[in-house]
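Taken from TrEMBL as is:
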DOMAIN    1-49  domain 'Manganese/iron superoxide dismutase N-terminal'
BINDING   His4, His42, Asp127, His131  Mn(2+) binding site
DOMAIN    65-160  domain 'Manganese/iron superoxide dismutase C-terminal'
Amino acid sequence: MELHHSKHHATYIANLNKALSSPKASNTQSLIHFNGGGHINHSIFWNNLTPASSEDAKQSAAPFLTQAIERGFGSFSDFKTKFNAALLGIQGSGWGWLIVKDGKLDIITTKDQDTVPEGTTAIFGVDMWEHAYYLQYLNGKAAYVENIWNIINWGYAERRFAGHADGEFRELKAML
């Protein structure tokens, strides 16, 4: 994860800053979209991870979110099964997200560095680019997906579900 953070995410930031400083280049908008999306997605991703030993890694750190998951998906186990299937169904590079829109939870995937759609809030996301798992899991994508649940920061997810992410990255998202 250190390489993922210090190299991959740092590169998105550096390339975003470079694109923002060259507004007249013909490919500026696509560079801002890709690198800005990469920065937003990774910023959420890092915050929604915590050491497995943390109290926030326990589902009990998100009582209201857990209730909403159980209402929306039947049970937490059913939700996890559906989320894992969505993650493993991503072909190529992308992200899996638990989002909320108009008070309703949903599971979506986005391609490459696309962010969640306007009008939705990402509760948590899982990076499914190979760089996220390959060094540790090689081609064991399913093992990565299964183990990511051990380090989800449920406390952070609960705060996002409660509305503490409203307006986050508003200015940057407007440029995408």
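Cβ coordinates come from backbone N, Cα and C, glycine included.
Automated prediction, rather than curation, is the source of TrEMBL annotations.
Counted with DSSP, the domain 'Manganese/iron superoxide dismutase C-terminal' (65-160) comes out as 48 helix, 24 strand, 24 coil. In the structure shown, the C-beta of His42 has more C-beta neighbours within 10 angstroms than that of any other entry among the binding-site residues His42, His131. When pLDDT is averaged over the domain 'Manganese/iron superoxide dismutase N-terminal' (1-49), the result is 78.
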